[in-house]
Amino acid sequence: MVDFSTLKAIQEKLHEAGFKLTTQRQAVVSVILEKEKDHLSAEEIFLYVRKKDSGIGLATVYRTLEILTDLHIVDRVSFTDDGVALYDLRKAGAKHFHHHLVCENCGSVEEIEEDLLLDVEKLVEKEFQFLVRDHRLTFQGLCKNCH
Ligand SMILES: [Zn+2]
Ligand SMILES: [Zn+2]
């Protein structure tokens, strides 16, 4: 599995797929790497990117995020009912997408790296002859500060 925790790894992945890491794309990737723990919307990424490169447009940010999503460098997630897409970096060497704990009170999002669903995947593959490639798991509730 590719490690996407560095700019170089992401650059290689882009090159493999025939994309260049232009200065503008690099600005977007840098923001995602710097804010790895956050889950940012395209607009929020745009605001950070503007601080690095004031000439960059929102359309370029969207296009870059599209490419990064297609290449599975980032994933789109959504934790709210309005369905605003947030962008989340795939973790180094992660075979599955990490799980999320979303607090309904303060809105904090915590990540769980270990895969809690290995047994469930085996069961699904056996019972439904469904080849599982990935899964999403989000727990809604109250974080330790809120309950
Ligand atoms: Zn996450
Ligand atoms: Zn909370």
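Here the Cβ of each residue, glycine as well, is placed from N, Cα and C on the backbone.
Please treat TrEMBL annotations as automatic predictions, because they have not gone through curation.
If you check TrEMBL, you get these features:
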- C103, C106, C143, C146: Zn(2+) binding site (BINDING)
- H135: Fe cation binding site (BINDING)
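Looking only at the binding-site residues C103, C106, C143, the one with its C-alpha closest to the residue listed as 'Fe cation binding site' is C103.
Within 8 Å of the centroid of the Cβ atoms of C103, C106, C143, C146, where the record puts Zn(2+), the same chain has further Cβ atoms from E104, N105, G107, S108, L142, K144, N145, H147. Same-chain residues at least 6 positions away in sequence with a Cβ under 8 Å from that of C146 (Zn(2+) binding site) are, in sequence order, C103, N105, C106. Listed binding-site residues: C103, C106, C143; maximum Cβ neighbour count within 10 Å falls on C103.
Within 10 Å of the C-beta atom of the residue listed as 'Fe cation binding site' sit 14 other C-beta atoms, taking all shown protein chains into account. Closeness to ligand 2 is met by C143, C146, these being the binding-site residues among H135, C143, C146 whose Cβ falls under 6 Å from the molecule.
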